[in-house]
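Engineer: Handing you a structure now.
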Amino acid sequence: MDRKQQQAEEARPCGLLKPTALGKIPGRFHVHQEALPHLPVPPLQQTLDRYLLALQPIISEEELNHTQGLVAEFCKPGGVGERLQKGLERRAKKTENWLSDWWLKTAYLEYRLPVVVHSSPALVLPKQDFLDRQGQLRFAAKLIEGILDFKSMIDNETLPVEYMGGKPLCMNQYYHILSSCRIPGPKRDSIVSYAKGKSQSRHITVVHNFQFFELDVYNSDGSPLTTDQIFVQLEKIWNTSLQTNKEPIGILTTNHRNSWAKAYNNLLKDNTNKESVRAIEKSICTICLDAPMPRVSDDTYKSSVAAQMLHGGGSRLNSGNRWFDKTIQFIIAEDGSFGLVYEHAPAEGPPIVALLDHIVEYTKKPKLLKSPTTPLPMPKKLRFNITPEIKNDIEKAKQDLNMLVEDLDIKVLVFHQFGKDFPKSEKISPDAFIQLALQLAYYRMYGHSCATYESASLRMFRLGRTDTIRSTSVASLKFVQSMDSPDKSDQEKANLLRRAIQAHREYTDMAVRGNAIDRHLLGLKLQAIEDLVSIPELFMDTAYAIAMHFNLSTSQVPAKTDCVMCFGPVVPDGYGICYNPMDEHINFAISAFNSCADTNAARMAHYLEKALLDMRVLLQSAPRSKL
């Protein structure tokens, strides 16, 4: 490209991944990875200044004064901050990525709450029209063929490299989403991968009526089975698992991680069980053939599917038809409900969505291959010997899960009035526009702003995962305070909105370039723990606790497919909000907990819809002025 084009490419807002704008260049994995820059350790003073700025809209002046004193103490020349910063810089020199191991452990593997709802996101996909049971199995067979097609790109390292703002991205996560599984441990879990080498996975796990099967998906010559062959195998599975009186062994994976670790060791004492569990862990992925969902009205259908995908609906419905430690589980119900749930430790949303977009496109293709007629062996049923102790563990897991299912309040909102086309027509980033609408909705509901988390991709760096875009800013607070104020003109309000949007873009650009504050602060804290020094006062401060209590946990996960990702709140009195802005509508999934009297997903959806519409009216009534 010429210089002008290059400048235009570089000037594009460097926001979250836009799948439609990704460059497609087949590249060899290791050569590509080696060329990526290392994640920087931001300058200490810069992070501390930005931390104080981020606190301003969410804490009192008194608290801020107190924290300013702690910051001054922390960054004294020759003081504790400088020592920890030097430790981090040394770590950065010795490792591929100073953050990635720490992040994997603290954010995921040492997290002890159940992965269900609390950690594993789900994806709600368009409903399929199955005329009969064969329709469900035919669709599942085509889906499996699509997964294997994507897997061949991973295996051959021909996966096209993705770009963001003209910069190549780390592709490492793609190599961990198939053939991997989480293993519970008493204090920390681990991840096993069978993607490479002699023990490479050759089968997928299929679950039907709580019964697990090992389905080989390759012929003896190494070629993948065709859709027709897979369909025949799925029919065999279906016909040998018609009874529904089986113990839902998979429900054990929904438990608190320490309880599950104990039950897991118990389960594996028996060799038959051990072989069955290993077969699940080694599989490429899991396909869950679910019973139909309970009938609901059309307007609550998508919200019910979101709950089904996140937790399976409880022990009486489909929650036993899962192995939640498996990295990816595709869920296809008899009634056409369709989606997936994934274990979050190996990857973020965008690689999962890229896999999904590929598969959805693949399932639309006409059949080309004529299937071989050689008969295939019966898929292996995975057997479990249930001792009274294991039965007891299952009962306990059922009770705990059913309480969690009752507690989750989830609402899928399809906002039809406009999509990303409107903010784009105003030369505004759709993501920043939506984030400001969330700020306005929250402020109108509660009369104050809160700590807000939006995930930003660090994949410009080798082994990069995420950092936090703090969407609540001094500028966003000024805007939301002005919005319903009679003293301000529309022009003033619109200027404040545009300023707040600009502040969000600047924070986003800073975050994707490795200069946000959250992971740096975490690194300094973990460095103190590693150095066996006492944890600095700065991290024991009330302000730090408030800053880390994200009442709004949000993520933009764009996709070509008309779908929406969903996840649970990260605090008991918070919301989990995920969105996929399409051209002419926006898909939102909003979650909260029923056990918190102050939060309500439907109410948030109502205020969010109003905020989006009011912001559009405001921008249309007040043309852009020079800021």
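The backbone N, Cα and C atoms fix where each Cβ goes, and this holds for glycine too.
Annotated domain 'Choline/carnitine acyltransferase' per TrEMBL: 39-610, in sequence order. According to TrEMBL, the active site, proton acceptor annotation covers H344. Under the heading CoA binding site, TrEMBL lists K420, K424, S425, E426, K427, I428, S429, P430, D431, S457, R505, Q556. Taken from TrEMBL, the feature (R)-carnitine binding site applies to Y453, S455, T466.
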Engineer: Taking just the CA atoms, what is the gap between S455 ((R)-carnitine binding site) and D431 (CoA binding site) in Å?
Structural biologist: 11
Engineer: When you rank S425, K427, R505 by Cα distance to the residue listed as 'active site, proton acceptor', which of the binding-site residues ends up on top as the closest?
Structural biologist: R505
Engineer: Please compute the mean pLDDT of the model over the domain 'Choline/carnitine acyltransferase' (39-610).
Structural biologist: 94
Engineer: Quick check: which same-chain residues outside Y453, S455, T466 lie with their CB within 8 A of the centre of the (R)-carnitine site CB atoms?
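Structural biologist: Near the (R)-carnitine site, the remaining chain residues are E454, A456, D467, T468, I469, S553, S555.
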Engineer: How many Å separate the Cα atoms of K427 (CoA binding site) and T466 ((R)-carnitine binding site)?
Structural biologist: 26
Engineer: If you measure from the Cα of Y453 ((R)-carnitine binding site), which of the binding-site residues K420, S425, S429, R505 is the nearest?
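Structural biologist: That would be R505, nearest by Cα distance.
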Engineer: Tally every other Cβ atom lying within 10 Å of the Cβ atom of D431 (CoA binding site).
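Structural biologist: 26, counting other Cβ atoms within 10 Å of D431 (CoA binding site).
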Engineer: Restricting to the same chain and to sequence separations of six or more, state which residues have a Cβ under 8 Å from that of T466 ((R)-carnitine binding site).
Structural biologist: E348, S455, A456, S457, L458
